[in-house]
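These notes are about the structure you will find just below.
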Amino acid sequence: MSPQTETKASVGFKAGVKDYKLTYYTPDYETKDTDILAAFRVTPQPGVPPEEAGAAVAAESSTGTWTTVWTDGLTSLDRYKGRCYHIEPVAGEQTQFIAYVAYPLDLFEEGSVTNLFTSIVGNVFGLKALRALRLEGLRIPPAYSKTFQGPPHGIQVERDKLNKYGRPLLGCTIKPKLGLSAKNYGRAVYECLRGGLDFTKDDENVNSQPFMRWRDRFVFCAEAIYKAQAETGEIKGHYLNATAGTCEEMMKRAVFARELGVPIVMHDYLTGGFTANTSLAHYCRDNGLLLHIHRAMHAVIDRQKNHGMHFRVLAKALRMSGGDHIHAGTVVGKLEGERDITLGFVDLLRDDFIEKDRSRGIYFTQDWVSLPGVLPVASGGIHVWHMPALTEIFGDDSVLQFGGGTLGHPWGNAPGAVANRVALEACVQARNEGRDLAREGNEIIREASKWSPELAAACEVWKAIKFEFAAVDTL
């Protein structure tokens, strides 16, 4: 017998394959305050019991593999393994269930969303024993969330920087999103800002293309910002998209934006990646830049109800990685978003303490222990008739962005911006006077349009525009 064989025998090694549930299904386990908790929607293959499928998820997303290995004896699996501690049925779905998994904190690198996701939503999603798998929710314990810087500034600091209080912020994505020269792009920015918007925005796929290189765009947009500020007396900003092919190039663009003195930059955090995003968020805090986050690619991950990852998880990840704004759907516009579920993850972005509420898709109570909040951005197919609903749904701590709803105005960009600003101010005033925005919204807009020809023209253009499709994302 070789020394190696003796070593295996000495640690009690028994080769072979055994059911995951024998090690990783622990229904009597009491979760710890320091555990990271996950709720998975599991659709196993026919013949795979729920306990085995849930245990397989816990194993393959933590310490397990498909067979027993002799090195198991060199560590304490009981200390490091993930545990499937509860299984519950999904109402109306005979083939699905929710598996709750607890992960010891030591499994994850501090301050790294990249490492967190590499385990929890890594290879486990490719298991043949599962037909589909979706991560519905995460509980991030204070012991882990405190290892993250989080948003560069947060909601209150942003309001103080901008000197804007008591209402949602107004934005606009410049259209057409691709094809404008830098000078014409800057002109469009200026017209929108002078008309009354707080922000304009690069679209998510505006980086540095042949028709408009990033440096030229940054310079012309900065000129537009300063000119609009001088004329209006208000602080203005444009989300300069710093997303690039390399982290080094991204940082170079952020540095140039800071040198221009602009207040905010932007990043596509899913296509750009969490490592790049966290690096940029740290730079923004250190250098006084706000950070706007676009979620391009999210629907590839979160749109399917039985596989992938819900956006509420991506929203939590962004709050840890860092961003001052993030797109969050509109409920009433052209993009997917059911009201209660949307407000559930909006609360996870903004609030400090969020109670478990399954009716809104919140699987776990979340205590952020003073991690700065993120402003949700409503953007996509919205116009002046939506303003009462948006104000009522999202409240003051939000950004309402009207791209086509500004640049599509028949009189041009500046009148489009005026129409949106007048509509917003009318809705905020009506709300503050105690009026019901949900019930009286159209009347409030019609009353305001009597005093604003720009708003009246916008009301006429979009009076029949609706996006009435059933939401895919339901409980």
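Placement of Cβ uses the backbone N, Cα and C atoms for every residue, glycine included.
The feature active site, proton acceptor is assigned by Swiss-Prot to K175, H294. Here Swiss-Prot flags N123, T173, K177, R295, H327, S379 as substrate binding site. Annotation source Swiss-Prot lists Mg(2+) binding site at K201, D203, E204. Taken from Swiss-Prot, the feature N-acetylproline covers P3, and the record attributes it to sequence analysis. Annotation comment: Swiss-Prot describes K14 as N6,N6,N6-trimethyllysine, evidence class sequence analysis. Marked as N6-carboxylysine by Swiss-Prot on the basis of sequence analysis: K201. Annotated site 'Transition state stabilizer' per Swiss-Prot: K334, in sequence order.
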Which residues does K175 (active site, proton acceptor) neighbour through Cβ under 8 Å, counting only same-chain ones at least six apart?
D203, G403, G404, L407, G408
Proximal but sequence-remote residues of the same chain as K14 (N6,N6,N6-trimethyllysine) (Cβ under 8 Å, at least 6 apart):
T68
Which whole number of Å gives the largest C-alpha distance between any two of N123, T173, K177, R295, H327, S379, the residues noted as binding substrate?
37
For K201 (Mg(2+) binding site) and T173 (substrate binding site), what Cα-Cα distance in Å is obtained after rounding to a whole number?
5
I need the CA-to-CA distance for E204 (Mg(2+) binding site) versus R295 (substrate binding site), whole Å please.
8
Would you find the one among the binding-site residues K201, H327 whose Cβ has the most company, meaning other Cβ atoms within 10 Å?
K201
Determine the minimum-neighbour residue: among H294, R295, listed as recorded positions, which Cβ has the fewest other Cβ atoms within 10 angstroms?
R295
Distance check, please: Cα of N123 (substrate binding site) against Cα of H294 (active site, proton acceptor), rounded to an integer number of angstrom.
26
